[in-house]
């Protein structure tokens with residue numbers, strides 16, 4: 001029994017187990033999370049994370065206990081049933097969309113202290129709510145009666161009342177609730193307990209009987225389940241649900257045309273227009289409102305709405321709005337507007353490119369008097385690097401070859417890209433503020449310098465590669481006529497050249513960006529060399545062999 005209850009109660013089992021992190025390539029700038037993942041056989045490709053939507057379940061100590069301090073059998077069964085239903089929902093019912101995952105997580109965190117999903121609680125709460133829905137449905141019936149002109153005199157009276165509210169808003173809005181309480185609640189109740197005498201001259205005698213009360217006062221209570229009011233509330237709830245459904249669908253139909261960036265050009269245009277309107281409204285509406293006679297305008301709009309809601313006028317307007325002619329005119333106007341927007345906003349920002357940095361680490365062995373390769377790491381392993389400060393072995397945080405390095409999460413290597421050896425180590429040493437190192441300008445190695453000024457036992461050099469942002473959805477396609485361009489506001493942050501050669505080739509040098517280069521070959525710290533023009537299979541010896549030979553000679 002203990003193992004069964006642990007299955008239901010221990011919702012965060014093994015959640016605190018430490019995960020194994022992967023090595024990541026360091027990017028040129030720390031502001032962008034673009035570190036490349038470096039993997040080897042003993043390192044997992046991704047760390048395991050606990051499910052963020054899984055909340056902790058209440059412990060048994062928080063449940064009602066029977067005499068003796070232990071939970072009763074009925075409480076245990078109820079707890080297990082509720083937890084089982086919750087777990088089944090989590091496993092079997094996925095989120096409706098990817099954007100809803102965060103919303104679901106926040107809602108689950110907010111509802112952590114609330115009761116779990118239960119059929120009994122749902123049924124009880126629904127019955128309690130339905131027994132108290134009489135007043136809202138009566139108000140809705142009155143509104144429908146007014147707009148349908150069931151009693152024209154009543155509707156005209158409401159129109160005059162609306163006019164009076166517009167003319168004297170503060171007096172009317174502060175007095176109407178009090179008048180309603182006096183003449184719609186208290187007076188009918190007084191007439192009920194002081195029942196008027198019937199008369200043959202009037203249908204309803206409004207003169208209360210004199211003397212003490214003739215009836216007991218009736219205080220409104222929730223209607224019982226077996227009553228006509230309860231059934232009427234249930235029927236009205238069933239029918240009025242469609243009002244919210246239609247309102248929701250109509251609102252979504254309007255917003256999906258521009259608010260969700262289904263077409264970036266159209267949504268960008270509406271965003272700019274709405275931003276300008278909101279800004280002008282915030283800054284100048286108090287001055288602009290003085291130039292408009294608001295009260296006559298509101299009165300005309302209100303009376304026009306009431307007149308348009310008359311059954312005969314409403315039928316004519318709805319027929320006109322839903323006609324094929326109106327639909328074609330609206331479609332023509334919207335199509336012309338969208339075509340003009342697409343014509344002027346056909347330029348889109350180029351796909352993001354980033355430069356990934358990896359350091360090749362070598363260690364000097366005095367007994368052999370030679371440098372032995374250690375591996376490739378995202379850490380430069382200098383004297384003040386994080387690995388050296390925490391006394392971690394570089395062998396455990398590196399891989400043996402560049403081919404084992406993976407791009408950062410949600411990124412992918414650029415097509416036909418190669419690893420490039422950086423031939424200007426002074427630049428990245430200064431950019432990363434690396435201290436106590438010595439730069440060999442001939443071999444391009446950066447050596448450790450001990451505090452006494454002697455060379456240390458480690459050296460490193462930097463390799464770079466370019467990656468592009470991965471498309472998370474395969475169905476994304478660019479619209480016809482769109483042109484990718486580099487954002488001019490970000491162009492200043494790009495470096496104009498990378499000094500390096502590709503792995504396995506001596507063809508290299510200082511490569512610069514030109515007008516003929518593709519716009520998407522811009523990186524965060526410069527233009528990636530045009531690796532398509534570099535012969536990776538050339539017959540020259542590799543740069544690694546050359547630098548090692550020079551170093552041995554020195």
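Using the three backbone atoms N, Cα and C, a Cβ is placed for every residue, glycine included.
Quantities reported herein were computed from a predicted structural model and do not represent experimental measurements.
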Recorded membrane side (Swiss-Prot) equal for residue 138 and residue 169: no
Swiss-Prot annotation (transmembrane segment) - matching range among 89-109, 110-130, 173-193: 173-193
Of 225-245, 288-308, 309-329, the range Swiss-Prot labels transmembrane segment: 288-308
Segment-level pLDDT (mean, integer) for the topological domain 'Cytoplasmic' (194-264): 89
Residues from the same chain, set at least six apart from the ends of the transmembrane segment (173-193), whose C-beta lies under 8 A from its own: 165, 206, 208, 213-218
Helix, strand and coil totals (DSSP H, G, I; E, B; other) for the topological domain 'Peroxisomal' (167-172): 5 helix, 0 strand, 1 coil
Intrachain residues whose Cβ lies under 8 Å of the topological domain 'Peroxisomal' (167-172), provided they are six or more past its termini: 295, 299
DSSP helix/strand/coil residue counts for the topological domain 'Cytoplasmic' (194-264): 29 helix, 0 strand, 42 coil
